[in-house]
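One structure below.
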Number of protein chains: 2
Amino acid sequence: MPGELNEDTVIISDQKEGTQIYNKGNFGYPMSGGGLELDLIEATFLVESERLQVTKDGVPMSFAEMFNHSSTQYDRFDIAYLVYRDMRSRGFVVKAESGHFDLSVFPRGSVMSNSRPMYLVRAVSERDVLELDVFSKEVAHTESKGKKLLYGVVDEEGDLTYYHMSSRDPRGRSLHSSSKYAAEGRLIGERVLITEESHIEYLGKKGFYGKMMGNILQLSLIESCFIMEMGDLNVTTQSGEEMTPEKMIELGVKTQEEFELRLDAFRDMRKRGMVVKTGFKYGAHFRVYEGSPDTDHAKYLVHSVPGDKMMMWPEISRTVRLSGGVKKEILFCRAGEPREYLEFKWFRP
Amino acid sequence: MPGELNEDTVIISDQKEGTQIYNKGNFGYPMSGGGLELDLIEATFLVESERLQVTKDGVPMSFAEMFNHSSTQYDRFDIAYLVYRDMRSRGFVVKAESGHFDLSVFPRGSVMSNSRPMYLVRAVSERDVLELDVFSKEVAHTESKGKKLLYGVVDEEGDLTYYHMSSRDPRGRSLHSSSKYAAEGRLIGERVLITEESHIEYLGKKGFYGKMMGNILQLSLIESCFIMEMGDLNVTTQSGEEMTPEKMIELGVKTQEEFELRLDAFRDMRKRGMVVKTGFKYGAHFRVYEGSPDTDHAKYLVHSVPGDKMMMWPEISRTVRLSGGVKKEILFCRAGEPREYLEFKWFRP
């Protein structure tokens, strides 16, 4: 005896069939008077996998008809369904949720009543936007409950990519230590050049700032701004004008993209003892070392993003993909107060 | 006897020293009356590498002084110099140019008078923008002369990355062949579902469109638009409304990013016989097959960009980096008329 469609649920009245469906995969919700109630996502999946026949007014429904019907009942049913069926096909017990998350995923073979979800999953389309502020709250909330937050991203073709997010608190061993005398630098183009040997020793060798060109140390604008703010660098222009940190920032904003956004993250990471270098070759804002760049490999690629930024999934996919090939952890630094570091990782459930 | 600085050149009057500098690396330009004239980039490099002393009014100049002086004489001297010294340190003979290119690079050990440049190089900062229209003309121009166009991109720290660009004419073996009867599809969310077996056979199996979900074929909006334009698909909504190609495009534009831009490239590539799938997992617009996606690997990752687009180098770096890990060729499709395919490759000179 099949299940009968009833607007937004399917009822299996037959006790034996209901019990079997419930016991083999934890589908549905046992009803107090006997029988089993399935939600539409479960029923559609059982029809697709030919484990259940559903009738409407006694007439059997095809998978396409079930899918169509469910889509009229629920907004974005297609997205939730594609993630649901993917998780189910991986052997997990999955339950549709309403509220902050779309799906709860339980361990394989578990009985829901005696297990807690492994993952809380949001099912999204690759075309959805991710508001970073909202998102970072979600991460914190899930972590405080000891659960894993996954995003299941459905691409144009219905393929799934999972991302696992967590908050991080990266630290390094190279704290900036101030010098007695400020170094002298000359601004040329978008570089500050240091020629005095003791200054090169202090900034370049000890501080891991800049890069040598012959016997000259070149500092980037962003490095120069930070060291000036620390009071350890004076900069003059070709024409002898003295620069202030404010004027340097102005120059950076005028000549470079996202200068203040990057400076915000640079400053914070340097204060955390990390050595921060450009990530240009890796397609991210920064590559970041916990200790000396001469002996360590960069541990992180960091991309600085504004707190109110709406991120698109293709952008996240691109950035996470980058980190895969180079064995570095990718962090998004949410700039401004409170500054936060969020890790996005590919995840195979 | 050293060289003497003379505003924007350095003159080596001593015949023997001049000849030696000229013969060992093709530096400078022999003067008609004897002696050698060096441009500032050459002279600065020779001072940095301690092969020449330069004096100004009889007083020796340090490398830093030479660099500073040259920077006052030439706009963006620092960028050109960093590329020049990198190419020189790789053993190439390099000449500064004025005009379309910054540097001509000749084979190692060559004497300029009997050799043609291997590369024409533009020296740019990672902060520069690249106007695609201007750029594609440059590529065509260099190729017509049988030369290689390189961009030497100087990052914040003065490190170099080289890109080689060329124009491409990609083709595939899977031309769209029209059917006698248009397939029927149902629009659900951002997907069009095909349930009729013969339609699935024609579009999915033969045409390599869409992806199966159970026994339903799902087409993406972009695929659907194209097949509708070919006259081989009718689409109706859940409420029974008939869609036109125009309405479908409208829906795509409303719900997805860069829809028309992507459709422009999709349409062209399909007409070139290639099978085009989303590149979401690779962080590009498309992954593209020359033949069947069931048996071939995707050969290209394609990113569609508007012709008037100002591209930033970090964006290019990111996209090219992506293709490295997955052994695919990365093409930028300049959308609109005339459509062009440009390949960007990392290059190690």
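Heads up, the Cβ atoms here are built off N, Cα and C, so glycines get one too.
Those TrEMBL annotations? Automatic predictions, nothing curated.
Annotated features in TrEMBL:
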DOMAIN    B:1-67  domain 'tRNA intron endonuclease N-terminal'
DOMAIN    B:77-162  domain 'tRNA intron endonuclease catalytic'
DOMAIN    B:184-248  domain 'tRNA intron endonuclease N-terminal'
DOMAIN    B:259-333  domain 'tRNA intron endonuclease catalytic'
Restricting to CB pairs under 8 Å, which listed stretch, B:1-67, B:77-162, B:184-248, is in contact most with the domain 'tRNA intron endonuclease catalytic' (B:259-333)?
B:77-162
Please give the average pLDDT for the domain 'tRNA intron endonuclease N-terminal' (B:1-67) in this predicted model.
93
Across the domain 'tRNA intron endonuclease catalytic' (B:259-333), what are the DSSP residue counts per state (helix, strand, coil)?
30 helix, 22 strand, 23 coil
